[in-house]
Structures are given as C-alpha cells and as structure tokens.
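Asker: Here Swiss-Prot flags 36, 37, 38, 54, 81, 102, 109 as S-adenosyl-L-methionine binding site.
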C-alpha cells in the first residue's frame, strides 16, 4: 500500500458505515472508492461483499493490496459513479444492499501536485479525476469571459467571479495559463481576503474542478442510478463537502420521500409513492475530535435514506448550469 493511501482518512467513516449497516452476504457499493476507507470498514463485516468504483485509474491500481486481503470479496471497476447501475449489472449484482458515496476530490489527489488540483502546490493546471477529456487549462484557455464568470459564480459561489474572469482573460492574452500557481496568483490579484480567511483562489479552483469533472451532473445521475439499483430496505449514504452538493442530495431525498402531488385530473399513482424513507432528519456532521484529526471533515455533511419497495421516480435530467460540452464548443467570445 502506498504512503498516499495509508495517509487518507475517510470522512465520517464510522457514521457512514453505521447507517449502511452491512451484514454477511450483503452486496455494497463504494461508489467513490478513492483510498478505500469505506470499503475497509464494510469488509470488516465477515461475508460482506464490496463493489468499488472510481474513475481515477491510479486509485484502482493502488488498491491491489486491499483486493488481495479481501480474498474475493472486493471487486474494483474503473468508471464514473454515475454509471453505478451498469457497473453493478456487469458484476451480476443488479440489486444491492447499500451504496455509499463521498463527493468531491480526495486527499490523495490534492496531495499530488502533478494532478493539478491544489493551489498550495505548483503543478500542471489539470484537475481531471479520470485523466480524460478537457483539463482546467483547456477551459481557462478556451472559455469566454462570460462563461468563465458563470462557471466561477455558479460552481464556486465566488462573488468576485466577474473580476476573476476578466483577470484570467487579460492574463491569457499575454501567455497561456498552464500551472496552478500562475492561476492562483491571477485570482489573488483581484480577490483580497483577510489573514484568517480561506485562500483567495479556493472558490475559483473548486469551480473549475467541479466543472471539468461535471461533478454535479455526475451526482444527479448517481443518485438516480442508486434509486434503480438498491433493493427494498437497501440504504443510500452520501457525504458532501459544500452547499451545492448537499442541496442536490437533500432535494433528491426529500422529493423521493414524499408522495408525488396529484390532481383531480391525475390522482396519485403507485409510481409516485415514496421510493425512500429519510434516515437523517438533519445532516450528520463531524465532531470536534474528527475535525482536529482531519480538517477536511469540517465542512462534511452526511445524509442517509432507506429504499422502499415502491417504484423509482422519473429521473430529472434538466440541469440549469453551464455544461462542459457547450462551453468548450462555444469557445471565446
């Protein structure tokens, strides 16, 4: 096992697996495998089987020791977690007993400068979790000023998004923006923070990472796939790290835990009956001890729900945010 893997600490790991309630003979999906923290806890239950999914081939490769230790109870698949229903079907597990997902970038990726996720270490401006498709450098080079401002405002919730976008466009006219340090310095030149505030580039880097990896689209699709894949009584556990993700999870679970509205023309039918029962009336957060040991846990929120026997609801595929395909196709304005 590599040093990077051994250093990684799963956020809210104990709570997540308690809600998952693994048992012997059950099949569980660690939909964002990373360093396998949740998988290890599930595999500690004798007879439990895990299907681990990660789009990062490095995460899959570095889990070789854990696969061997699991003695056939852990299967790893390199894929997007939005495809978890198809992955499970390919592993002869079209219905599973539980799904856990930890949304966002892993500390393994942040710690490696060559992955280009962190403004604290200089490296290529990449940010791709799966090393395919457009990189952050590509987006910064091609996107129009308007698109950049929208991306940074929507996905980073950065109130200085227009100033940041202008600064990026101005800088790229001089020379390409190819490294994390160069971009961080550009952002810091227009976003001024107090000494105890977060780094001025934090929100811009978050926005680009979410956009490049289509994380919100992936999350929406993964939630719908989970609804289709869980057995009645199966549990969904999701850990998020910022308000955009948490809002999506909260709205999804709440919508599916209530009966769809009917009318005198179309009364409620079985397909709109609740497909989930909420297990966490309020999100679970990390305690002081976990935050002290792992500062990343400070912003974490855990939500959990249990699948009912009712049919899945229709998937909501209408997204009101910029998409990678549209922005890269449109180019500079």
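Note that Cβ sites are derived from N, Cα and C of the backbone, with glycine treated the same way.
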Asker: If you count other CB atoms within 10 A of each CB, which of 38, 81 wins among these binding-site residues?
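Answerer: Counting Cβ neighbours within 10 Å, the top one is 38.
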Asker: Inside 10 Å of the Cβ of residue 54 (S-adenosyl-L-methionine binding site), count up the other Cβ atoms and send me the figure.
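Answerer: So the number of other Cβ atoms within 10 Å of residue 54 (S-adenosyl-L-methionine binding site) is 25.
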